[in-house]
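What Swiss-Prot says about this protein:
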BINDING   ARG46  O2 binding site
BINDING   HIS50, GLU56, HIS94  Fe cation 1 binding site
BINDING   GLU56, ARG98, GLU109  substrate binding site
BINDING   CYS124, CYS127, CYS161, CYS164  Fe cation 2 binding site
Amino acid sequence: MARLSAFNFQKWIDEHKHLLKPPVGNQQVWEDADLMVTVVGGPNKRTDYHDDPVEEFFYQLKGDMVLKLYEGGEFYDVPIREGDIFLLPPHVRHSPQRPQEGSIGLVIEPKRPEGAHDAIEWFCFGCGSLVHRAELLLESIVRDLPPVYQAFYADEQARTCPNCGEIHPGKEPPEGWVKL
């Protein structure tokens, strides 16, 4: 068995910087640990909200981000500035927005309990109603989420609001939706 040792995290970030921008945007530090330790780079804007069955810890290493939340029937923004930390409780719908080029955040969350499902939700930009919810067993953020997004973006029926009929734009949020 190999001996445990530390490594320089900034060097790791520098070596993986090419993966911390679109279209990938994030990279897990370890694939085989009980914690999912993910480094996320900007720019990144998304239109979905994540329903996570476990807590998420956010540490904004470089630049600023906004965590859009939907809680108790209300949408609101939580700015997370460079150097800030934030602990998100389980099942609070959230949409991380990192519009700044070169921004870097660290997100730490436990692996899911056996059988626990994550969900990705999209809400109507017109009336605020839930447009679509996709549930999944999440093991790797990098590997498991992209197919869920691609399926939603490709399906106009899934993107049609059942309340007002507006078509969700898919990948691109409306102009001005993200404000730092």
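Even glycines carry a Cβ here, placed using N, Cα and C.
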Nearest of the binding-site residues (ARG46, GLU56, CYS124, CYS127, CYS161) to ARG98 (substrate binding site), judged by Cα-Cα distance: ARG46
Site of maximum Cβ density within 10 Å, from binding-site residues ARG46, HIS50, HIS94, ARG98: ARG98
All-chain count of other Cβ atoms within 10 Å of CYS124 (Fe cation 2 binding site): 20
Residues close to Fe cation 1 site centre defined by HIS50, GLU56, HIS94, Cβ within 8 Å: TYR49, ASP51, ASP52, LEU67, LEU88, VAL92, ARG93, SER95, PRO96
Additional residues around Fe cation 2, ordered along the sequence, whose Cβ is within 8 Å of the centroid of CYS124, CYS127, CYS161, CYS164: PHE125, GLY126, GLY128, SER129, VAL131, PRO162, ASN163, GLY165, GLU166
Coarse DSSP state, helix versus strand versus coil, of CYS164 (Fe cation 2 binding site): coil
Euclidean distance between Cα atoms of the residue listed as 'O2 binding site' and CYS161 (Fe cation 2 binding site), Å: 18
Euclidean distance between Cα atoms of ARG46 (O2 binding site) and CYS164 (Fe cation 2 binding site), Å: 22
Residues near GLU56 (Fe cation 1 binding site) in space but at least six apart in sequence (CB under 8 A): LEU87, LEU88, HIS94, VAL107, ILE108, GLU109
Residue among the binding-site residues CYS161, CYS164 whose Cβ has the most other Cβ atoms within 10 Å: CYS161
In the chain carrying CYS127 (Fe cation 2 binding site), residues 6 or more apart in sequence that have Cβ under 8 angstroms from it: CYS161, ASN163, CYS164, GLU166
